[in-house]
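Some notes on the structure that comes next.
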Amino acid sequence: MYDHHVYDLVEVGVENFKSIESFTYDKKMASRVGEGFEDVDELKHFKEVLLDLLRGEVVENINLAGVDRAYVCIAISSNKVYLTHCALRLKNSGTVIPRMELVEVGPSMDLAVRRHRLPNKGLRKEAMRTAKDQPKKKEKNVSSDAREGTIGKIYIPDQKVGDVALSNKAKGVKRERREAKKKEADERASKKQKEESD
């Protein structure tokens, strides 16, 4: 689905289904060869759908010790795909990179492509549109300069500092007043003593 419209459609039939219980962990996956994913249009489309369903997070580097499961899809005929779930076993290879073995753990099945519908060309074009294709929204108060790069302007209203009422309750002011009063009192006391002694 895309934008509440059916984007594309693939119908498959499940054949030769084997459940997890029918597998033993010692059994190795038999190799099957098929290049239908590249040659047949129905299977090319089915490959895209499978990748959308089974793809996880795209990563650049991966630690092999953290990978323990894999889905294997092989085109075995012009309208049939073999899908199985495998466990990965790390074996010694004599080098730094270990040798990996796939052990089929199930479930496995053959998926026969019955019906498929490719996406409409107009809908496909709209769905594949990227951010580069969309028109840029004009940013306000932003300009770019070859030398300085992106420059932004910020509006700050005038600050009316003269209208701000300052309180006289500051601790430093109180201490200065106390010291001034004490000094005055000391001067008066010293004058009285001089007058009395004279």
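In case you wondered, yes, glycine gets a Cβ from its N, Cα and C as well.
Taken verbatim from TrEMBL:
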- 1-122: domain 'Brix' (DOMAIN)
- 117-149: region 'Disordered' (REGION)
- 123-149: compositional bias 'Basic and acidic residues' (COMPBIAS)
- 166-198: region 'Disordered' (REGION)
- 176-198: compositional bias 'Basic and acidic residues' (COMPBIAS)
Helix-strand-coil residue split for the region 'Disordered' (117-149), DSSP-based: 7 helix, 6 strand, 20 coil
What is the pLDDT of the domain 'Brix' (1-122) when averaged and given as a whole number? 79
Residue counts in helix (H, G, I), strand (E, B) and coil for the compositional bias 'Basic and acidic residues' (176-198), per DSSP? 22 helix, 0 strand, 1 coil
